[in-house]
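Trainee: Have a look at this one.
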Amino acid sequence: RWLTCKSLPPGALERIADTIADRLRVPWFSGAVKINVSLVPPLVLLPVFLHVAALHFLLGLIILTSLPVVVLWYYYLTHRRKERTLFFLSLGLFSLGYMYYVFLREVVPRGHVEYSQVVALTCGLILMLAALSRAKKDPGYLPISAGNEKPSHQGLPNKSVRGSSSGLHGISGAASSRAVNGETKGYCRMSAEQPEGVKKDWCTKCQLVRPARAGHCRLCGRCVRRLDHHCVWINSCVGEQNHQAFILALSFFMLTSVYGITLTLHTICRGRTPFVALFYCPGAYSDYSSALSFTCVWYCAIVTAGMGYILLIQLLNISYNVTEREARLALRDNTGRRLLGGLVIDTGQYNRGLLCNWGHFLSLGSSPPQRSAEDIV
């Protein structure tokens, strides 16, 4: 009906796509293994696009310009639908592996890269993957009670949950004020208390009392301690337990990527500085090997610029002790100040100075999380 331009029942194409995704499996000894469809496009399209882009300068310009647009379009599409996808994680990991493969196959054999430089690049890649693996672990999920049962105090009025000086909220307020997120041991004391009516500690979806600065992720369906944001590149939340590893992974990626780009440009564009060679390299398309290497360099440069912007925003947020979630809420409620040309939103709530803010960040996850008021009751 679709090929003959006839009308389709509502949701027919979605059901067909779901059926195909469910039946896309690989035979295995213990039974067929289901393959996530979002893993496949980067594995197929990225090598094809890069090899086509290496055929001619204009093809490279068109493809390298359209790739970021397509990735951003897919991000906003999945973000609007609140869908989890492995596309970005697959794209990131396969890009790393494929760029490393091209470097070993096309750049190293030219003889201008020393053995120690290859070892240094490999070590940087390994360290980045180790930090990424740590960032993929528990970001600080709050425990959910068995069966997600609603506690007995749920039917109490909102006043007793939000501001009463007695009953359950007196316990939860004390627990929140002692939360690890609100205090940096060894550096300074940072109050986790919030003004009356500003923060609701009760999560209606997880049915639990949240400590200060915790938030609910709609993609993961869980509450996370000191929730910063849900990162599509690691397909997980960034919270109290993995924020340091996330920053470390970004830093290792930046150093490794810039170092790899520099080595490649020094090899295929001899006698020019890396910045000049990136925009002017006359012999880049003299042979296919150089053209492919130069195309991969530009692809890495585009990805590195994007990740560098993310790292910059993260470092600024840490310096002002504000999370991405808190910045969005401050913009929505018009309670924050735009600083540095809008790059950072200072809520003024947890900012205690540069050194104290970084001391607080470096101490995240160093102490065991406090028991919630629900567990105490």
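Residue 1 is the first one shown; counting continues down the chain.
Placement of Cβ uses the backbone N, Cα and C atoms for every residue, glycine included.
Not my notes, these are from TrEMBL:
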type: COMPBIAS; residues: 155-167; note: compositional bias 'Polar residues'
type: DOMAIN; residues: 199-327; note: domain 'Palmitoyltransferase DHHC'
type: REGION; residues: 146-174; note: region 'Disordered'
type: TRANSMEM; residues: 48-74; note: transmembrane segment
type: TRANSMEM; residues: 86-103; note: transmembrane segment
type: TRANSMEM; residues: 115-132; note: transmembrane segment
type: TRANSMEM; residues: 245-268; note: transmembrane segment
type: TRANSMEM; residues: 288-312; note: transmembrane segment
Trainee: Sequence-remote contacts (6 or more beyond its ends) of the transmembrane segment (86-103), Cβ cut-off under 8 Å?
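Mentor: Same-chain contacts beyond the ends: 36, 38-39, 41-43, 46-47, 50, 71, 74-75, 78, 121-122, 125, 128-129, 232-235, 260, 263-264, 292-293, 296, 299-300, 303.
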Trainee: Please give the sequence-distant neighbours of the transmembrane segment (48-74): residues at least 6 beyond its ends with Cβ less than 8 Å from one of its Cβ atoms.
Mentor: 87-88, 91, 98, 285, 288, 291-292, 294-296, 298-299, 302, 306
